[in-house]
Amino acid sequence: MAKTAVLGAGSWGTAFSLVLADAGNDVHLWGRRAEVCEAINETQENPEYLPGIELPAAVKASDDPALVLADAERVVLAVPSQQLRPNLEAWAHHLRDDAVLVSLMKGVELGTHLRMSEVIAELAGAGPERIAVVTGPNLAREIALREPAASVVACADEHVAQDLQRWCHTPMFRPYTNTDVVGCELGGTTKNVIALAVGVADGLGYGDNAKASVITRGLAETARLGMAMGADPMTLAGLAGMGDLVATCSSPLSRNRTFGEKLGRGMTVDEIVASTRQVAEGVKSSDSISELAHAHGVDMPIVEHVAALIRGESSPKEMVASLVARAPKPEIH
Ligand SMILES: NC(=O)c1ccc[n+]([C@@H]2O[C@H](COP(=O)([O-])OP(=O)(O)OC[C@H]3O[C@@H](n4cnc5c(N)ncnc54)[C@H](O)[C@@H]3O)[C@@H](O)[C@H]2O)c1
Ligand SMILES: O=P(O)(O)OC[C@H](O)CO
């Protein structure tokens, strides 16, 4: 098995380490805080992000990136999207020249509008055959509880995607391959913003019609942006698109949907951010995706309305009223 490093001991970095260990790999997990790493090593549990779940003995944690990255052939990146650049700048000189870099992150960088694989390419100087993405309907806690789920391993090089598919396939985690990295990343990122909108509808007390309408029109927005950026629309009908959108918009475990629900109930962005350590990526990606859509001449009204809500330019009720009152149009296109 290839020597594997996972950078980021939050919910998903830790849960994916468990998947990799279940698939037969020894996993070296980097955590930012020494006390979290010590707890993982001493108790085989990440009490902060996955309390009550026993991690396999093959997962060892450290807060020293040089140690974790030494000779790692596969490097999994699982920090919050807006924190990837400063971290990878510091880690880049520890990376092997032939290491395959796997992003678990679902975000678009503020300012540059780069997808995570593009930030990795820029900072690590890696070609597309060394950069992959794992994405899909994969709520960390369900995966860590070994409930069944499917996912997508995307890499421009199909053979690399197949290698990685074998590397993380377990009896309960079923990865599919895809060479459409753009579509997979956009699906995973945009669904976070759509889940914020669904959460707002939940918080306002609306029912399943509202939820289904936002999910479906959200998928239409995602597909429009994807096609403008060269994605295969079938990717967005798959696990990385519709699959993740449905899971995230339906689940009480989703941080993005829950964040939106709290907004809908009247909490402010600052109050919600202060109430949790966990990242709801859509809060920041709403602006970067909105700007990306403008740059590509794509209309994304739900994303734009969520971005305006997050900036404090409208209230939840105004957001809903404004979306429903938009000029009538045909459903397709
Ligand atoms: N949690 C899930 O169910 C899930 C599933 C699929 C994908 N993802 C994606 O994985 C990525 C990581 O999410 P997560 O769920 O593990 O987040 P999390 O909020 O559970 O944990 C975030 C981790 O990042 C660390 N961190 C915070 N600020 C940092 C900084 N400045 N530098 C380095 N590390 C920092 C925290 O200490 C923590 O270990 C996100 O892009 C998320 O969208 C999450
Ligand atoms: O908890 P969320 O909203 O960040 O969603 C987690 C995963 O992305 C679901 O696939």
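Heads up, the Cβ atoms here are built off N, Cα and C, so glycines get one too.
Caution: TrEMBL annotation is automatic and unverified by curators.
According to TrEMBL, the protein has these features:
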ACT_SITE  Lys191  active site, proton acceptor
BINDING   Gly8, Ala9, Gly10, Ser11, Trp12, Gly13, Ala140, Arg255  NAD(+) binding site
BINDING   Ser11, Trp12, Arg32, Arg33, Tyr49, Lys106, Ala140, Arg255, Val279, Glu281  NADPH binding site
BINDING   Lys106, Gly136, Lys191, Asp244, Ser254, Arg255, Asn256  sn-glycerol 3-phosphate binding site
BINDING   Lys106, Arg255, Asn256  substrate binding site
DOMAIN    4-160  domain 'Glycerol-3-phosphate dehydrogenase NAD-dependent N-terminal'
DOMAIN    180-320  domain 'Glycerol-3-phosphate dehydrogenase NAD-dependent C-terminal'
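Ranking the binding-site residues Arg32, Lys106, Ser254, Asn256 by Cα distance from Ala9 (NAD(+) binding site) puts Arg32 first. Checking the binding-site residues Ser254, Arg255, Asn256, Val279 against ligand 2, the ones with a C-beta less than 6 Å from an atom of that molecule are Ser254, Arg255, Asn256.
Spanning the residues Lys106, Arg255, Asn256 that the record associates with binding substrate, the maximal Cα-Cα distance equals 13 Å. Within the model, the domain 'Glycerol-3-phosphate dehydrogenase NAD-dependent N-terminal' (4-160) shows a mean pLDDT value of 98, rounded to a whole number. Among the recorded positions Ala140, Lys191, Asp244, residues whose Cβ is positioned under 6 Å from ligand 1 are identified as Ala140. Ser11 (NAD(+) binding site) falls within a helical segment according to DSSP. Under the three-state DSSP scheme, Tyr49 (NADPH binding site) falls in the coil class. Using CA atoms as reference points, the recorded positions Gly8, Trp12, Lys191 were checked against Arg32 (NADPH binding site), and the closest is Gly8.
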